[in-house]
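Take a look at the structure set out below.
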Amino acid sequence: FDADEEDEQQQQRKVSSGDGFHHKIEEEDGEDEEEEEEDDALATPRWPQSYRKSMDIYSHMPSPSLNFLTSPNVSRSSLLSTSLGKHYESATSILDPLLTDQEFDKDEKRLTPSLPPPPPPQSHIVTVSSETRLRKTSSTRISPSSDAQDYHHLQLPKQGCTFFQATLNGINVLAGVGVLSTPYALKQGGWIGAIILLLFAVVCCYTGILLRKCLESEPGLVTYPDIGQAAFGRIGRLVISIILYVELYACCVEFLILEGDNLASLFPNAHFSFNGRKMESQKVFSMIAALFILPTVWLRDLSLLSYISAGGVVTSIIVVVSVWWVGAVDGVGFRNTGSFINFGNLPVSIGLIGFCFSGHAVFPNIYSSMKDRAQFNRVLQLCFLLCILMYGGVAIMGFKMFGAETQSQVTLNLPKQFVASKIALWTTVITPLTKYALTITPVALSLEELLPTQVSKNHFASVLIRTSLVTSTLFVALMIPFFGFVMAFIGSFLSLTGSLILPSACYLSISGRRIPKTQAIICVVTIFIGVIAAIAGTYSSVTGII
């Protein structure tokens, strides 16, 4: 009888605990529903959804597959066709979940057979509402376990860029037309510009590493706008996206100004007359360059252009070697000297230097594309080191060669009778023709997202948007044909914001009180310096343009 009484008491305790469990679920339903709404708001993909795919053009450089090069089909969903094939294309779709529950279970078993099972939950009581919330958020986020870092590498397929490929991608992003204006930066600010160049490289490399830490803070973060949303919600995603897109648009304006200046230097006597009015050669060649560029922006498949523009590393090296050859071999010499610091034009110099290291928009994509993401810091450090050597070398050589006569582009100073000068000029002319379409495509895709679905799928609408973008950039280039001041404005207002201020602010917001005080102080100082430099540089560049 004693045993029977004990069994009855245990059953009563189980029933009472069960009643308490269900009672607990009913009490928490209201709170859990509110949490579900917040989680859904964070998990729902917002504008721009095309950012990841458009930026992957710059962050994937495997060898192309002949099957894709000879395929007659041109798909809008495949901006870059590589040897990763359809598996990568489907896994990185911007309109579908990264991995469904079933696909994740299969990939987890196939890719990580040796991983230990995730640790057991601390509590065996799981409310019904929390299970529902997990099922809803799994459609846009990857949450295989509570430890995001252990399973973070499962977000992409096993294939990825090697250390060498990632380094080339990083250098190709950083080494652009900014190398042409580094001697002009020393002319504007004095020799202290070389020190600022080194300091900015170190700080921008540090903020690039901060972006990696932000990506690792929670699963599902892949792009820069994702980081902004994790840090400041929808407003953060929107602000970062607009800044990055405006920067890309402004770079296209710079490409057209660059084309006009260098072609006018090659053909100084060219001009165009209409109804008694004469148009300068610089504007004529900017218009001609826009006409040549226009068909390239209509392409839906930019894989061929992406491989050609990947030669940006080679073109930068050609410019460096050509400048050295003209000075050392052709006899121009390195005899000019200048002042150590020029306070009046120092903000313009800072803006020009800031433009050189504005690759943070693509750094998260490069990190996500790597096969071994633990090597990302070394990739970033090597990229900045090589860019310092290129930028610093051209800056010192160009300023020593031409001194106070240094123009906004060092190629404009090179004597035209030398073969090395012509090589540098033509290399500078060809490069923007291949990079323009890749640079304006993310902007075009983001605008197409804002259209109704039926309209955005219309090829004519896409052509109209891209043609309008080319026309508007040409108009701005004709109205403000000042390469140096436009670059200083971009570097001050946009590049410093995206490279110094926002990465530090996002990291502070995401990490909160978990970071050491020393690191928090460094981030705050970086934000303060970035704000002061951005305000001063923007004011000086706008004043110069006016």
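Numbers here mean position along the shown chain, with the first residue as 1.
Keep in mind that glycine also has a Cβ here, set from the backbone N, Cα and C atoms.
Note that the coordinates shown come from a computational prediction; the quantities given were computed from them, not determined experimentally.
Annotated in TrEMBL:
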- 1-50: region 'Disordered' (REGION)
- 27-41: compositional bias 'Acidic residues' (COMPBIAS)
- 162-542: domain 'Amino acid transporter transmembrane' (DOMAIN)
- 191-211: transmembrane segment (TRANSMEM)
- 238-258: transmembrane segment (TRANSMEM)
- 284-300: transmembrane segment (TRANSMEM)
- 307-326: transmembrane segment (TRANSMEM)
- 346-367: transmembrane segment (TRANSMEM)
- 379-403: transmembrane segment (TRANSMEM)
- 423-447: transmembrane segment (TRANSMEM)
- 459-480: transmembrane segment (TRANSMEM)
- 486-508: transmembrane segment (TRANSMEM)
- 520-542: transmembrane segment (TRANSMEM)
The transmembrane segment (459-480) touching the transmembrane segment (238-258) per 3+ Cβ pairs under 8 Å rule: yes
Stretch-level contact, the transmembrane segment (423-447) and the transmembrane segment (379-403), CB cutoff 8 A, at least 3 pairs: no
CB contact flag for the transmembrane segment (191-211) and the transmembrane segment (459-480), at least three pairs under 8 A: no
Chain residues in Cβ proximity to the transmembrane segment (459-480) (below 8 Å; excluding those fewer than six residues from its ends, i.e. six or more beyond): 249, 252-253, 256-257, 260, 283, 286-287, 290, 293-294, 297-298, 300, 440, 443-444, 447-448, 451, 486, 545
Intrachain neighbours beyond the transmembrane segment (284-300), with Cβ under 8 angstroms and 6 or more residues off its ends: 74-76, 79, 255-257, 259-260, 263-264, 267, 270-272, 432-434, 436-437, 440-441, 444, 462-463, 466-467, 469-471, 473-474, 477-478, 481
For the transmembrane segment (520-542), distant same-chain residues with Cβ under 8 A (at least six beyond the ends): 203, 206-207, 210, 345, 347-348, 350-351, 354, 485-486, 488-489, 491-493, 496-497, 499-501, 504-505, 507-508
